[in-house]
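**Q** Summarising the annotation, TrEMBL assigns ATP binding site to T150, S151, N290, T291, Y292, G293, P294, T295, D381, K490. As annotated by TrEMBL, D-alanine binding site applies to D195, V299, K490. What TrEMBL records for 9-358 is domain 'AMP-dependent synthetase/ligase'. Residues annotated as domain 'AMP-binding enzyme C-terminal' in TrEMBL: 411-490.
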Amino acid sequence: MKLIEIIKKYAQTQPDTLAFVNEEEKLTYGELWSQSERLAARIQSEALTEASPIIVYGHMKPVMAVSFLACVKAGHPYIPVDVSIPADRILKIINSSKAELILNNSGTSVDTGDALISVVEPGVLEGDGVPETDPGRWVHGEDTFYIIYTSGSTGNPKGVQISAANLQSFTDWITNDFPVESGQVFLNQAPFSFDLSVMDLYPCLQSGGTLWTVTKDMINRPKLLFEALKQSNVNVWTSTPSFAQMCLMDPSYSEELLPELSLFMFCGETLPASVARQLKERFPKARVFNTYGPTEATVAVTSIEVTDDVLNKYSSLPVGSEKPETEIVIIDEDGKAVQEGEKGEIIITGASVSKGYLGEKALTEKAFFSYNGAPAYRTGDAGYKENGQLFFLGRLDFQIKLHGYRIELEEIEYQINQSRYVQSAVVIPYYREEKIEYLIAMIVPAEHDFEKEYQLTSAIKKDLGSKLPAYMIPRKFMYQKEIPMTANGKIDRKRLKEEVTV
């Protein structure tokens, strides 16, 4: 596989270049290659079923990258599982994947329940002599490279299989079509169990860069995060928009803190125009890119550079045009392609589309199909195309019915976030007896002069009154210091729902 060959080349030509850095450890390209060779040999000695998946358990440590590379060199796809994932979900992943081996990099034990599975702690991987794996055994082509588990509507996680060809197509796109230069420092904010991490990990390694990781402790302690960022020399910032929005709450988050920062790449959530505008003000030399894509289509499949012209033209940002070898089609409820400008479901076709969910034939057949002879995926996302640009309108299942009206929650959130009194907002439906009774707006307020919350609420409602019909304006407004985020850096809607239900 091209990606693995390139990493090998860097290990030979620039072995002392740093491949991975966190607050405690460093790993060079030479060490990444030699340690992954030793671990691959160890994996091969386990006599596993051919191409069976291997669970890699841990957090943002260099040994995680070593483990991923070792697995694919040994001919096995890997399943990244972060330490933040609950034990019950890990057991479901073990049972669903039928994995025979766990590489435990956590420093703690892993509960495997009754599963017949070996647990290996890689331990010390330095030493004399480096065994050479056979490139013929490396994962390549349509072989599965990694499996990311996402939430399933049934409550059971689904394993999305991404092939070596899928990953290579994505990585080539990022390194060729974005302003990525060789030897840059990439920020890694997302845990490896979230596929946003693929956007920084593999483009970084393919371009001979250094991955600089943010740990969970840093995210929970902004002061620690900013002290570390100051030492990072980060050039490429990859994160969810929510994470950048959290950083923007601190006035010191600017070009002065990160003078080398030249590129922002966002994925995983909608990028609000207000966030992009603030970033361009704070980092005038940096370029900002908005991207879109589901896990099932290898991280992202569209992109647009958010320039001043784009910000002036659109109040709600487009997510861009397709990557090479990819086509996006908008279809109606009957599965027919719609006219330009018409709304419908986003269908992705081409080289980025996954082969499906591991061991889930029925779910795979429901979501994956062939369109004009190319592999295709039904995203469940609403959108439309205009002048070659894709506009993402949120999840089809983010549509709710309230008192007979069909409502897009993200449209309400967008309008609330336009208010000068609001820093960020999330809208949560309040259920009673399995029926939506009303909407609640959870708001982090901007600076204001109101003495009482009801005065602030009245002002926000007044702003909304000219933009939304009365039935779309939340009945209840709740104020918080911050919007909670998941370990992946996305808005934690589940936690917010629990808070309003109690």
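Every residue gets a Cβ built from N, Cα and C, even glycine.
Heads up, TrEMBL stuff is auto-annotated, nobody curated it.
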**Q** Rank aside, I only need the closest one: which of the binding-site residues D195, V299, K490 has its C-alpha nearest to that of N290 (ATP binding site)?
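**A** Ranked by Cα distance from N290 (ATP binding site), first place goes to V299.
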**Q** Measure from the Cα of T150 (ATP binding site) to the Cα of every one of the binding-site residues D195, V299, K490, then give the nearest.
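**A** Answer for the nearest of the binding-site residues: D195.
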**Q** Going by C-alpha distance, which of the binding-site residues D195, V299, K490 is nearest to Y292 (ATP binding site)?
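**A** Considering only the listed binding-site residues, the nearest one is V299.
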**Q** If you count Cβ atoms within 10 Å of the Cβ of N290 (ATP binding site), leaving out that atom itself, what do you get?
**A** 25
**Q** With ATP as the bound species and T150, S151, N290, T291, Y292, G293, P294, T295, D381, K490 as its recorded binding residues, calculate the greatest Cα-Cα distance and give it in Å as a whole number.
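**A** Max span of the ATP binding residues, Cα based, is 24 Å.
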**Q** Hey, for the D-alanine site built from D195, V299, K490, who else sits with CB inside 8 A of the CB center?
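**A** After dropping the recorded site residues, what remains is I148, A190, F194, L196, S197, V198, M199, C267, G268, T295, N488.
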**Q** Quick check: in three-state DSSP terms, what is P294 (ATP binding site)?
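**A** Going by the DSSP assignment, P294 (ATP binding site) belongs to neither helix nor strand, so it counts as coil.
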**Q** If one measures from the C-alpha of V299 (D-alanine binding site) to the C-alpha of D381 (ATP binding site), what distance in angstrom results, rounded to a whole number?
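**A** V299 (D-alanine binding site) to D381 (ATP binding site), Cα-Cα distance: 15 Å.
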**Q** For the binding-site residues listed here (D195, D381), which one has the lowest count of neighbouring CB atoms within 10 Å of its own CB?
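**A** With the binding-site residues D195, D381, fewest surrounding Cβ atoms within 10 Å: D381.
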